[in-house]
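K.L.:
One structure, pasted below without further comment.
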Ligand code: 1CP
């Protein structure tokens with residue numbers, strides 16, 4: 001039994017005493033202790049694939065802060081790497097693949113559901129973290145969405161305009177669907193293996209869903225996310241594994257996302273909590289949605305922003321709110337600002353849980 005299961009109860013819209021909080025990219029370059037291990041590891045890939053290092057980095061934020069969850073330290077690009085696309089990370093430039101998917105021949109030659117044994121370093125990390133955590137707080141597992149993984153597999157790196165994947169969408173939609181089908185099956189196996197290894201909740205990162213038109217979002221992103229939510233093992237013994245769906249830039253499509261079958265929706269900062277709650281009518285929990293750059297400013301204004309979000313969600317009643325930022329913490333974040341934010345959310349939110 002978890003000592004602090006308030007995150008899981010909030011995601012399942014059960015009664016809690018205060019609003020739980022965790023932060024996307026809570027382990028990362030803004031923490032000096034992260035930079036130290038990153039240097040020891042030599043490269044981001046060696047950090048990622050070494051379960052001892054990855055476990056240590058997962059737990060670092062919990063040693064500093066009164067967080068209500070930790071998230072597995074890994075990356076969404078582990079799956080395309082396991083497919084053999086040759087992932088590397090360059091400082092300042094981000095990820096890139098030595099092999100890209102652009103043609104029918106690439107799809108035939110390069111694409112298949114990876115053997116989950118080649119991802120055993122991820123499942124080993126989960127085992128280590130669960131052991132070290134000693135049931136203090138839940139561990140969140142994750143994957144990228146089929147569409148977001150396809151963006152990197154087809155562009156070969158980060159992109160400003162996503163012209164290669166959009167060209168495929170508007171010229172060979174059949175080929176893109178093939179890529180998305182393979183990604184979907186891979187993600188189902190990957191997340192079910194994470195669940196079997198012990199994660200307590202799962203989040204799907206659809207970071208690039210928001211670049212699509214409404215129709216394309218439904219056909220090329222949401223339809224596949226739904227298939228994943230339908231295929232995950234959501235009950236393990238007497239534990240329920242809540243699922244969070246995060247589409248950055250997806251606030252216009254909340255009504256459709258609710259119907260995809262997730263337990264909670266992650267929100268970026270572009271919508272007011274009250275409006276998101278009104279649209280979703282407490283059918284799901286909501287996670288978010290502070291602008292991560294608010295942590296770069298004045299601490300009293302940061303606390304005020306946090307209170308605004310809590311007030312905007314309002315009395316929790318039959319809803320569920322998990323406080324988070326609308327995208328990842330940036331490397332220039334002051335670690336003290338994170339402590340102030342957590343303290344404010346924990347204390348102020350008690351007024352709204354009666
Ligand atoms: O230099 C470094 O130390 C690497 C920076 C870094 C970190 C800390 C990368 C490279 N990935 C990560 C960890 C990571 N990535 C986590 C860890 C858990 C956490 O503390 O939150 C998670 C959940 C991710 C997921 C991830 N990777 C996403 C989805 C979430 C999001 O931020 O939108 C995406 C898009 C990636 C790709 C990626 N990996 C790394 C970078 C710099 C990027 C983004 C590149 C781009 O902008 O296209």
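Backbone N, Cα and C define each Cβ position, glycine as well.
Because TrEMBL annotations are produced automatically, they should be read as predictions rather than curated entries.
The following feature annotations were taken from TrEMBL:
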DOMAIN    20-29  domain 'Uroporphyrinogen decarboxylase (URO-D)'
BINDING   25, 26, 27, 28, 29, 75, 152, 207, 327  substrate binding site
SITE      75  site 'Transition state stabilizer'
DOMAIN    140-156  domain 'Uroporphyrinogen decarboxylase (URO-D)'
K.L.:
On average, what pLDDT score does this prediction assign to the domain 'Uroporphyrinogen decarboxylase (URO-D)' (20-29)?
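P.N.:
Mean pLDDT across the domain 'Uroporphyrinogen decarboxylase (URO-D)' (20-29) comes out at 97.
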K.L.:
Select the closest residue to residue 75 (site 'Transition state stabilizer') from the following binding-site residues, measuring between CA atoms: 25, 29, 152.
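P.N.:
Nearest listed residue in space: 25.
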K.L.:
At a C-beta cut-off of under 8 Å, are there same-chain residues at least 6 beyond the domain 'Uroporphyrinogen decarboxylase (URO-D)' (140-156) that contact it? List them, or none.
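P.N.:
Hits for the domain 'Uroporphyrinogen decarboxylase (URO-D)' (140-156): 7, 22, 69-72, 74, 76-77, 79-80, 83, 85, 95-97, 100-102, 126, 162, 164-165, 168, 176, 179-180, 183-184, 187, 190-191, 194-195, 199-209, 212, 220-221, 224-225, 228, 244, 247.
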K.L.:
Fewest other CB within 10 angstroms, which one of the recorded positions 25, 27, 29, 75, 327?
P.N.:
29
K.L.:
Substrate site residues 25, 26, 27, 28, 29, 75, 152, 207, 327: biggest Cα-Cα distance, Å?
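P.N.:
Farthest-apart Cα atoms in 25, 26, 27, 28, 29, 75, 152, 207, 327 are separated by 23 Å.
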K.L.:
What is the total of other Cβ atoms whose distance to the Cβ of residue 152 (substrate binding site) is within 10 Å?
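P.N.:
A count of 27.
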K.L.:
Taking a cut-off of under 6 Å between Cβ and any atom of ligand 1, tell me which of the recorded positions 25, 27, 29, 75, 152 pass.
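P.N.:
Only 25, 27, 29, 75 qualify.
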